[in-house]
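Annotated in TrEMBL:
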- 7-96: domain 'CS' (DOMAIN)
- 148-168: transmembrane segment (TRANSMEM)
- 239-259: transmembrane segment (TRANSMEM)
- 279-302: transmembrane segment (TRANSMEM)
- 322-341: transmembrane segment (TRANSMEM)
Amino acid sequence: VAMENQVLTPHVYWAQRHRELYLRVELSDVQNPAISITENVLHFKAQGHGAKGDNVYEFHLEFLDLVKPEPVYKLTQRQVNITVQKKVSQWWERLTKQEKRPLFLAPDFDRWLDESDAEMELRAKSLRTNHGEPTSFGPLQIPLRGYLFMYNLVQFLGFSWIFVNLTVRFCILGKESFYDTFHTVADMMYFCQMLAVVETINAAIGVTTSPVLPSLIQLLGRNFILFIIFGTMEEMQNKAVVFFVFYLWSAIEIFRYSFYMLTCIDMDWKVLTWLRYTLWIPLYPLGCLAEAISVIQSIPIFNETGRFSFTLPYPVKIKVRFSFFLQIYLIMIFLGLYINFRHLYKQRRRRYGQKKKKIH
């Protein structure tokens, strides 16, 4: 008799995107399940084959935030897939109102994305069209795609010009070409790096949904090296390190911008995608190393010339050297490397990680 009253709960796996929630109920051979949402609580009851054999299984989940009361479900032989629309498009920290996770609920790692990757996916989707209708841009769709395509094309051409120029000069002149790098390509580098402001603005105003912070870190970091350390110090401009900084920047950007360009026109070229998600593994740390070396080499020059140093006003009267800020900046370079490397690594693992399929 005790068994009669015991409610059996199935295993439920969940994942989210900004606009919806996905639930996967592990029950096979389900016919006519009763699935409804009342007062923000999902009710599920169905006869099926689960962990405790062929039985009636049920569960109830009160959602963290408001959802639309029309769940959509799809039955397959092995499971029930439920999609629930959020009332407001936003990221949830958890699924349920109660903080303690119910025992039967677990993350669905096959569909799991973290917030920044879900934003990337959202951007890709809004660039494509859903069943022939533009998703979020409406009439703006085509001009916006054209604008993004052109921006990425111009950046791609700029960095390609720098990359080819440096490569050809190195092949002809060898090491001699290192010392003249700045005077040869600085104007184009100034142009590309100033134009990169557009990318951060696009992210900030929501034209693209890439996270603003990584874009801003890169923009400020590179422009600091380019305009302050190389630009204001003629003594730095004929050092070999300039070649390595410029060469590594352009190598990374060629693949990044060409990848974005193809995304704008819905093309997926597998080789390029692989390069975009793989090449940064050696190039990104090398780029940061080259930046760090240029900062270290500039410290004695800034100390010697006293440029950008200042004395604090009376009564403190302490001379603050610019090199003090450069040393702090050095620490920040490696902190930024860690943050962005982790982000890129997670993105790559998500794209190419082996999916572990459960064997039933």
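Note: Cβ is positioned from N, Cα and C throughout, glycine not excepted.
No curator has checked TrEMBL annotations; they are predicted automatically.
Sorting the domain 'CS' (7-96) by DSSP state (H, G, I as helix; E, B as strand; all else coil) yields 0 helix, 57 strand, 33 coil. For the transmembrane segment (279-302), the list of distant contacts is 221, 225, 229-230, 233, 235-236, 239, 241-242, 244-245, 248-249, 251-252, 255, 308-309, 321-323, 326-327, 329-330, 333-334, 336-337, 340-341, 344, 348: same-chain residues at least six beyond its ends, Cβ to Cβ under 8 Å. If one looks beyond the transmembrane segment (322-341) by at least 6 residues along the same chain, the residues whose Cβ comes under 8 Å of a Cβ in the stretch are 214, 217-218, 221, 224, 284-285, 288, 291-292, 295-296, 298-299, 302-303, 307-309.
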